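S.K.: Once you've had a glance at the structure underneath, I'll fire off some questions.
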Amino acid sequence: MATAEDVVLEARGITKIFGNHTALKGVDISFRRGEVHALLGENGAGKSTLIKILTGAYTPDGGTIELEGQPVSFTTPQQAQALGIGTVYQEVNLLPNMTVSDNLFIGRQPSAFGMVNRSATDAMARTVLAQYGLDIDVRAELSTYSVAIQQIVAIARAVELSGKVLILDEPTASLDRHEVEKLFEIIRTLKARGLAIVFITHFLDQVFELSDRVTVLRNGFRVGSEPVSALDRTGLVRMMLGKDLVHHNNGPVDGEPDGGDVLMSVRQLGLTGSVLPLDLEIRKGEVVGVAGLLGSGRTEMARLMFGIDVADNGALHIDGESRVVRSAREAVSLGFGFCPEDRKADGIFGDLSVRENIVIAMQARLGWFRALNRDEQLEIAGNFIEALDIRTASAELPVKLLSGGNQQKVILARWLATDPRFLILDEPTRGIDVGAHAEIVRMISRLREDGLALVVISSELDEIVSYSSRVVVMRDRALVAELRGADITPSRIVQAIAGQGVENVA
Amino acid sequence: MKRLQLTEIVRPQLLALACILLLNWFVFPGFFTITWQDGRLFGSLIDVINRGAPVAILAIGMTAIIATRGVDLSVGAVMAVAGAVAATAAVAGQPLVVTLIAALLVGLLCGLWNGSLVAFLGMQPFVATLVLMVAGRGVAQLITEGSIVTFSDPALIFVGTGSLLGLPMPAVIALALMLAAHLVMRRTAMGLFVEAIGTNRSAASYTGLRTRTVILTLYAFGGLCAALAGVIAAADIRGADANNAGLWLELDAILAVVIGGTSLLGGRFSIPMSVLGAVIIQAMNTGILVSGLPPEFNLIVKASVIILILVMQSDRIGEIVARRFARLKLRGKT
């Protein structure tokens, strides 16, 4: 159905080398008019490198790029944009403190005698956004709108500026289901207008829902380009991983949830303005899944348990003894560990090496004076790099150079090195690739079998169902339900989040 | 993915020092001449490490503070306070031990004050230490009662002008302090903690580090170093001048740390490299002095050299050089 004439952008034999590492090896790819082309691959497969080359942010070390049959080479994103290739990044990179219409037309506002014609700009902005079904106050600051609307503004700007190829880098990562639908509608409209759309995502469902063609990268090679109609889920996953993924067998976790000893029990624990008083028991050898929407108080609950915030109400018992956990340090000394939701802001030490990132919690527990020497550090780091299959060229690499999934594993390794008995994982699989995702899910189950107590917060219900011995549901800062056994199903959790037909915890 | 940094090929600081020393030699042929006289070494080179010692000592304390994204602007004023305390104690006939302990204790208190403001009240280090930078000189003037307090205690004077193993006392003290501080940082986990806090303070506290205690300790150590530098400066001129002792030296100390490669954005640090930075600054000062150029040149030359070093350290330049190397390599292969 697509002929060679439909090809807008074609790259052949793209090669990119960073130091000793070859990020892309002879990758061929072509994008056609009126087609949504999904670009898939695990983190570190070379997706972002390829995108950066196609948009002029990187210069390739080999290969050619043709735009509508003409060879092109650009050295800056501005050149690529001027030739018709626009990009919208995951983190919207507009100007949050300027108005919507400024963001759309900055640098090319209609003007007379050197003065910007505001009302003309605003009218143009309204016309443009109307095409996207958006009727908003274009004079308001961009930051006053939701991420979804900011994203649409970013898309509108990219399309206005470029108009031939639109590259969307994980556009759905921070959107809710409704917003994703809206975005997809817009993408379909743009597709009908004849744009070539490149779509990068981690969600396989979205690939099948939206895309016409899929290209999979692995380790810098192109594994294949196929029309979506020729693929099924398993086939796609196999292409990405190069092996059959043992897909997590959903179903309630075996074993008696009330079997282990109670490690922590909280009674009416709460913090004004953060979490309403709640009761919860956490036992050794079980995973307590925490479900709830963003802002439901799930992260805040975890922060109370780990001493980052201090409760102003209720009591906390550990091993039957009443304790007040006043700081993360006290929590760590009790054998707790916490993988925070925002990996970059609260988790990793970007410039420090993988080795230092792994040993830091253990060293913090030992104190400054009893230092692990370099050999000990290397051995500990090496063991965990191997055990958790952390993909890094060396233990001395700054951790910021690793992919998201591997950074998450480094943080897990950091806590496992302290030999914890209680781990809190806040969104441990957010924004990481399929392979690492499955590994982390498997690891959670393995740690439970080893007798650890775990609290895992996640927005992915399938995932929660697959590893939880019990699920608690948070809504409006309160713990509203506790599900056990056969009740642990995605639909029951959704009901509880929505507040229908649930028994309140007595 | 590893980006080849220019700093990994040649330490630009060593290169810079070599250039400056060579230049000094051109303008003053006797620059490298070292003589042995009265049981100690004399010469311009010795002069460089002797005169550079106070800034080097300040830089030793400043390095770890800057590595946690902080800064201590008060060290010059603390030098004046400690010098005033030492001079008054010496005039009152106290033995050297008491004089030293009193001066160092005052420095420690100043550092704890700064550290408390930064670590526990969460004030911006720039503002928090500005308080003492201004107030410190007032305190020093109160102690000296507005005059220059001179003393003649030979033991105290020895700290500033004496020699040990042929080397001037200030240089010996600076080197010993550098070694001790470096060992404490690298042989214990303190260095790792400092770098972790400087890289990501939030992650550091999630990890269970006592971030506040560490920061407090570093400022306290910075105060201690400043007091030591103040005693040396006072002993050198045999008097405490509340108005001029250590004046603007906080800027030289910050400069020394930055020349040594520690980023003002925190993270990785090296105390010996900061000391090297202090030596570079002093080599420039001495060079201009011995060359007979008007001292006004000092400031301009200093600024030029600093720009040169910072350009050589910049990531951008490192990238460009790395790219050139990569191209050459690629061409060599094909």
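Even glycines carry a Cβ here, placed using N, Cα and C.
Dumping what TrEMBL says about this protein:
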TRANSMEM  B:12-36  transmembrane segment
TRANSMEM  B:48-66  transmembrane segment
TRANSMEM  B:73-92  transmembrane segment
TRANSMEM  B:98-119  transmembrane segment
TRANSMEM  B:126-143  transmembrane segment
TRANSMEM  B:155-180  transmembrane segment
TRANSMEM  B:214-235  transmembrane segment
TRANSMEM  B:247-266  transmembrane segment
TRANSMEM  B:273-293  transmembrane segment
TRANSMEM  B:299-318  transmembrane segment
S.K.: By a Cβ-Cβ criterion of under 8 Å, what residues six or more beyond either terminus of the transmembrane segment (B:273-293) are in contact with it?
M.R.: 11, 13-14, 16-17, 20-21, 23-24, 27-28, 31, 44, 47-49, 51-52, 55-56, 58-60, 62-63, 174, 178, 252-253, 255-262, 301-302, 305, 309
S.K.: Tell me if the transmembrane segment (B:214-235) touches the transmembrane segment (B:48-66). I count contact as 3 or more CB pairs below 8 A, with pairs 6 or more residues apart.
M.R.: yes
S.K.: Please check if the transmembrane segment (B:73-92) comes into contact with the transmembrane segment (B:299-318), where contact means 3 or more CB pairs closer than 8 Å and the residues in each pair are separated by 6 or more positions.
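M.R.: As far as Cβ distances go (cut-off 8 Å, pairs 6 or more apart), the transmembrane segment (B:73-92) and the transmembrane segment (B:299-318) do not touch.
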S.K.: Between B:12-36, B:98-119, B:126-143, B:247-266, B:299-318, who has the most Cβ pairs under 8 Å to the transmembrane segment (B:214-235)?
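M.R.: Per the Cβ count, the answer is B:98-119.
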S.K.: So what's near the transmembrane segment (B:12-36) in sequence-distant terms, Cβ-Cβ under 8 Å and 6+ beyond its ends?
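M.R.: Distant contacts of the transmembrane segment (B:12-36): 6, 42-46, 166, 259-261, 273, 276-277, 279-280, 283-284, 286-287, 290-293, 305, 308-309, 312-313.
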S.K.: Counting only residues 6+ away from its ends, which parts of the chain sit with a Cβ under 8 Å from the transmembrane segment (B:247-266)?
M.R.: 7, 13, 16, 54-56, 58-59, 61-63, 66-69, 71-77, 79-80, 133, 197-199, 229, 272-278, 280-281, 306, 309-310, 313
S.K.: Near the transmembrane segment (B:126-143), which same-chain residues lie under 8 Å Cβ to Cβ, leaving out any that are not at least 6 residues past its ends?
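M.R.: Sequence-remote neighbours of the transmembrane segment (B:126-143) are 71-74, 76-78, 80-81, 83-85, 88, 110, 113-114, 117-118, 240, 242-243, 245, 250.
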S.K.: So if I exclude everything within five residues of the ends of the transmembrane segment (B:155-180), which remaining residues of that chain have a CB under 8 angstroms from its CBs? That is, six or more out.
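M.R.: Those are 36, 39-41, 46, 49-50, 52-54, 56-57, 60, 86, 90, 95-96, 99-100, 225, 228, 231-238, 271-272, 275, in sequence order.
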